[in-house]
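First the structure, in the form of structure tokens, and then the observations on it.
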Amino acid sequence: MPPSGLRLLPLLLPLLWLLVLTPGRPAAGLSTCKTIDMELVKRKRIEAIRGQILSKLRLASPPSQGDVPPGPLPEAVLALYNSTRDRVAGESVEPEPEPEADYYAKEVTRVLMVESGNQIYDKFKGTPHSLYMLFNTSELREAVPEPVLLSRAELRLLRLKLKVEQHVELYQKYSNDSWRYLSNRLLAPSDSPEWLSFDVTGVVRQWLTRREAIEGFRLSAHCSCDSKDNTLHVEINGFNSGRRGDLATIHGMNRPFLLLMATPLERAQHLHSSRHRRALDTNYCFSSTEKNCCVRQLYIDFRKDLGWKWIHEPKGYHANFCLGPCPYIWSLDTQYSKVLALYNQHNPGASAAPCCVPQALEPLPIVYYVGRKPKVEQLSNMIVRSCKCS
């Protein structure tokens, strides 16, 4: 039996003759020679935003402003809006992972907390309002050699039975034995065990860049000013079990752990090259003359562009949009473009080349009136912060 390549040769000959005899010209279905009308693109983006805002607020049309009281917004409403805006701004400062790393499959690793009986916990004993979870960073670095490879990190805790409702807070071990607040959780009474999960991606990235041998978390009872009982009533698997033998081993395997999702180094070697692509975010795109896929600036003035007076804060915002060609391995000025043209002809519903689309989006807080009542809302995914080819 002839090799498979020889069996396919009769099928490939007509296509090869087509490539030789057809004059060299770009594939008609893939031409990008048309001039982009930027004003038309912006108008379409503005109209899309009009519908997006109304849809997110579940409004069929802009609300009437006939009953809106004159004068400035109430101080309490303005304070709520400002705090929401500041929180969103603070969250956007967090570094984004490399866009290229998102493409690769992620390897999942579990790193167990150092056993609670270890002597490194001695200085934390005698604190009934807190539990301490320490991790050996050498195990973290073995699983994730470089911070850029980390996609996500979760702290997982197995909560056992809880008789009373309790508000708990999670802290990160910081410099000089201080503790930095991370998040909180309200735990309801339950007769069955439950896994708790906290996103600690940013924290673990920090640990990977530092050289501390031991890092950790603290789970504490919420300290309320009007409560005299600050005891942590939550029982977490892996602490003071009192078990021996096989039961102790099983109990220890379910002690708190970090679940790490990271790109294996061998799958992402190009991330460490000095030639790796820049993140297509506002920091790069707004300060360059990039012609390919990038974030393009677009400021929406609610009154001027949408004819709206019902949104009282902000007066407008930078919506931005993604635009630009995505470089493709089969260039249009090569003979391979004819193969792509045939592919397009037989697969009209498929995309032969990647498109420039949003990657990171930010929310937009607004203040508007419903009748005489002011409302503060946060609209998700309203600001394009970075783009990618997909």
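Here the Cβ of each residue, glycine as well, is placed from N, Cα and C on the backbone.
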Correct disulfide partner for Cys293 among Cys223, Cys225, Cys355, Cys356, by Swiss-Prot, is Cys356
If you consult Swiss-Prot, the disulfide counterpart of Cys326 among Cys223, Cys225, Cys389 turns out to be Cys389
Bonded to Cys322 via a disulfide in Swiss-Prot, from among Cys225, Cys285, Cys387, is Cys387
Per the 10 Å Cα distance test against Cys285 (disulfide bond), the glycosylation sites Asn82, Asn136, Asn176 reduce to none
Taking every residue in the region 'Bowtie tail' (226-252), the average pLDDT works out to 64
A 10 Å Cα radius around Cys294 (disulfide bond) captures, of the glycosylation sites Asn82, Asn136, Asn176, exactly none
CA-CA within 10 A of Cys293 (disulfide bond), subset of recorded positions Asn82, Cys322, Cys389 in residue order, equals Cys322, Cys389
